[in-house]
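A.B. asks: Got a structure here, written out as structure tokens. Questions coming.
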Amino acid sequence: MEALDYHAEERRKAEFDVEEMKIVWAGSRHAYEVSDRVARIVASDPVFQKDNRTMLSRKDLFKDTLKKAAHAWKRIIELRLSEEEATELRFFVDQPAYTDLHWGMFVPAIKGQGTEEQQKKWLPMAYKMQIIGCYAQTELGHGSNVQGLETTATFDPQTDEFIIHSPTLTSSKWWPGGLGKVSTHAVVYARLITDGQDYGVHGFIVQLRSLDDHLPLPGITVGDIGMKFGSGAYNSMDNGLLRFDHVQIPRDQMLMRLSQVTREGKYMPSDVPRQLVYGTMVYVRQTIVSDASSALSKAVCIATRYSAIRRQFGSQNGGPETQVINYKTQQNRLFPLLASAYAFRFVGEWLKWLYTDVTERLQANDFSTLPEAHACTAGLKSITTTATADAIEECRKLCGGHGYLSSSGLPELFAVYVPACTYEGDNVVLLLQVARFLMKTVSQLGSGKKPVGTTAYMGRAEHLMQCSCDVQRAEDWLNPSVIVEAFEARALRMSVACAQSLSKFSNPEEGFAELSPNLVEAAVAHCQLIVVSKFIEKLQQDIPGKGVKRQLEILCNVYALYLVHKHLGDFVSTGSITPKQGALANEQLRSLYSQVRPNAIALVDAFNYTDHFLSSILGRYDGNVYAKLYEAAWKDPLNDSVVPDGYHDYVKPLLRQQLITARL
């Protein structure tokens, strides 16, 4: 018997080729084929099943994670998966594990900061997982302020060793994933001290646990920091604490690509430019932006499918009630999030190109674009992760009461995603870094030094400071050049206003601290311009498939005009648009929602997520929500018995008015 598809009617409404859109979403036909194949391998494997994850105790959840990580590695070897396929497999297993930090932080740190000899020694073991590594930077007392780290690495010329030590309680390493229970090694960041002088924070490879019995080595205190937000979620990760009591390591375990300490204890910077470290940072932040589009698209897929199934009010003559997705209030909250998922996907794609470009330039000793690339990736990491965390919670609310159920998948998705707003740079701190770069760029406008990359628009400051928006009718907002100029004018004028306010302070740092809220808003305006302009650039490419490009144009306009509406105060107060033009943008936005509506289900189908990966009854591909919610309720451990444990001790005496004499 063929399974019912409750979304069949919705899928018939689609005005574009969904299979072609899947390829656009994946980035290429090859990427689509790899992800589709690997997703199915994971979904069909019983070891990777995860529908009971939120009901497990912490110990059982952690053991389940270890099992999945080992099984994933076994499948990677058995199927002889390429590096690309292995990465996809870990992505679709979709359970935070120590392997994320091993491959995502430990290995890149050695590749980026280790000498050739060090890479030859450590990477083969790491690639075979004969050692498991983590990235021990953050401490109990310091996170964002890396220069304030307190762990010390003091060189002892007598023994030719560094002595790693935690001098205070706040110098305890705190938070590194994989550290708590699994990692055998860590790249530890500590203050390098030699000959009585402090040379600041450097990286060191330190073995933490025995490779024979996994016990901590002498002088090392290590454990897990405890339960975190949510059930399931990030509690599958052993975020750890670590203290050193005068732990000795060989001198050659200092990562020495950028600087080294000689046998005599002399500190020597190498001739490799320090800027190379930025290459790794651009890479890591690019992956975070891609992850934002993945998490956001999951939430949007669930909320869109459920909004099409859920009916409430509006029944005519005993007929069916209205689908929730048909209410303008639902569309007004949901469709901009759908557009944002696509927008973040394409800016993530562009960041991959930027990483390649930066890497090639670094190899040619061209550092001209580095400050701009660094600021750009910092800002995009910040605005995409903040928007995604907020959007996942909005999707939960869009699903009404059932969105609060664990089986909706949304509470766990939120809990597992929200740390992205803090790790790899606190989002507000990152925006302040962007703002510093913008202030520097504005200050150099009169010097003849041309702004580069994503700040190139600032080179047209004279025009952008006085131009006025041409919009006279709602449909004028569909012109990409009108949209871009409005966003450029807003971003530039906000940056210039901040620079002018800063110039009134005799102490620039005092001014920066005082004006930091305004500076953050200017940075957001700049970063939103990048996302909008990269979406528009994407649409200038040749995009095959019936109706595919048209749908992307609609989504691009939804994303841009939603931002105009959301930040109307900025656009109007800077004079970038008039209040009337703001009202016309909103009118056009409502019209665009009507164009998204028939394609909404097909647009989330294009993400090509298996039910296993979505892990949501509300987001099921077939839309069979109510029967499956009812079925799932009976699987809860509370329903194992009809009369609950504790009834005879605590409820029965209450009902019989015998609490006073009961033995509680």
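From the backbone N, Cα and C atoms, a Cβ is placed for every residue, glycine too.
As annotated in TrEMBL:
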DOMAIN    17-132  domain 'Acyl-coenzyme A oxidase N-terminal'
DOMAIN    134-235  domain 'Acyl-CoA oxidase/dehydrogenase middle'
BINDING   Thr138, Gly177  FAD binding site
DOMAIN    278-439  domain 'Acyl-CoA oxidase C-alpha1'
ACT_SITE  Glu424  active site, proton acceptor
DOMAIN    479-655  domain 'Acyl-CoA oxidase C-terminal'
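Walk me through the surroundings of each of these features.
C.D. replies: Here the domain 'Acyl-CoA oxidase/dehydrogenase middle' (134-235) has a mean pLDDT of 96 out of 100.
The Cβ of Thr138 (FAD binding site) lies under 8 Å from the Cβ of Lys173, Trp174, Trp175, Pro176, each of these being in the same chain and 6 or more residues away along the sequence.
There are 17 other Cβ atoms within 10 Å of the Cβ belonging to Glu424 (active site, proton acceptor).
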A.B. asks: Using DSSP, how many residues of the domain 'Acyl-CoA oxidase/dehydrogenase middle' (134-235) fall into helix, strand and coil, respectively?
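C.D. replies: When I sort the residues of the domain 'Acyl-CoA oxidase/dehydrogenase middle' (134-235) into the three classes, I find 9 helix, 44 strand, 49 coil.
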A.B. asks: How many neighbouring Cβ atoms, not counting its own, are there within 10 Å of the Cβ of Gly177 (FAD binding site)?
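C.D. replies: A 10 Å sphere around the Cβ of Gly177 (FAD binding site) contains 25 other Cβ atoms.
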